[in-house]
């Protein structure tokens, strides 16, 4: 009796019930213990894998790592947009409205908060890297290393964004509309760089086959441009409505298309049709993007009956082009033909691979890197990611406007329309300037 009295009530439960019940309880406890062991092992393996990945990021692969971090921010934004709304409704400093906003407002707010954290992360890095001219600078090591610290800092910044008031998020959303326009202009510069290099590569071959290929590529772009413009007239200038503004946007874009071809084919300019055709198609896409951003209740927006399907397609296409643009920015950062290069660097004209091809190359690089100047502007490199953070937030939220105290969400509106249309006009002017500038300033290198 004394031995049973010393048994704890929790242990006594093991002796109660039939043999099968006791056996089942023992198996249950064993399974819980095994599950905890497996979870611990998985966590340890994950930590070790993270350490291995972080330590394996070299100087050449650092730009790819930044692209991976940016892609991770898009994934986090997408996931939180789908699952974080119920939790955010319970946070008092976010949901302080007299009337609780709808679910769409919380989805938009979650994306903007992640985007703001991502924007601050890359903006801080851009400010830190101002004035880095050679690899002897200690900040060069920070740019290429310290990845565990960077990942932790990024996570803390994003988490901290969920503790700031809605007013700051509203201001950031307004700022993002204009930052997105700047990012679109950077896309144009990179697109021009790519198309001119593509054209020069085929022309240098000086073979009839490649000239025919250039003509076919240009003709394809022009056919797509005019077919696209016809669809714009069909959807955004419906019969029976006064849609003078939409007609003005479309006609202005077509005028730019003809001006591109005339200026590019002028004997004094010595241009090519391929860049003109590609820029014509891109400007037409920007025109469509602006028209599609018109309010759904606007009578001249013919897409309002297909808004869900169209918005999904635009979102997928926008995110795809954003990721391509950011990756291309990183890949082209070592080239002297882009904005990311440092013109004072003697190595700026050399295209460096992102990853070393052999260990000998890596050893040689380590010997020379102490006195080697940087091949691109680290500050501008991070600014690209800051602007891309704004642009991706606008894409994921549908260029939505902030809500007021009523909690009513205003959908895509006229500010978004004008940002995209004006960006298209700026794109056209920038391309025309790139053609005529060498004639106006022949002594300068363009």
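Any Cβ shown, glycine's included, is placed from N, Cα and C.
TrEMBL: automatically predicted annotations, no manual curation.
Taken from TrEMBL, the feature transmembrane segment covers 62-80 (among others).
The transmembrane segment annotation in TrEMBL covers 110-130 (among others).
The transmembrane segment feature in TrEMBL is assigned to 151-172 (among others).
Summarising the annotation, TrEMBL assigns transmembrane segment to 178-196 (among others).
Per TrEMBL, the feature transmembrane segment maps to 208-236 (among others).
Residues or ranges marked as transmembrane segment by TrEMBL: 248-266 (among others). Same-chain residues lying 6 or more positions outside the transmembrane segment (248-266) and placing a CB less than 8 Å from one of its CB atoms are 225, 229, 232-233, 236-237, 272-273, 275-277, 279-280, 283-284, 287, 290-291, 421, 424-425, 428, 431-432, 435-436.
The transmembrane segment annotation in TrEMBL covers 273-291 (among others).
Marked as transmembrane segment by TrEMBL: 311-331 (among others).
If you look up TrEMBL, you'll see 376-397 (among others) marked as transmembrane segment.
The annotation transmembrane segment is assigned in TrEMBL to 417-441 (among others). A Cβ distance under 8 Å defines the sequence-distant neighbours of the transmembrane segment (417-441), meaning residues of its chain 6+ beyond its ends; these are 177-178, 180-181, 184-185, 188-189, 192, 249, 252-253, 256, 259-260, 263-264, 268-269, 271, 275-276, 279, 282-283, 286-287, 289-291, 293-294, 399.
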- Query: Ranking 62-80, 110-130, 151-172, 178-196, 273-291 by Cβ pairs under 8 Å to the transmembrane segment (208-236), which is first?
  - Reply: 273-291
- Message: At a threshold of under 8 Å on Cβ distances, which of 62-80, 151-172, 178-196 pairs most often with the transmembrane segment (273-291)?
- Response: 178-196
- Message: Should anything in the same chain at least six residues away from the transmembrane segment (151-172) have a Cβ under 8 Å from its Cβ atoms, list it; otherwise answer none.
- Response: 50, 54, 69, 73, 76, 88, 91, 93-94, 96, 109, 112-121, 402
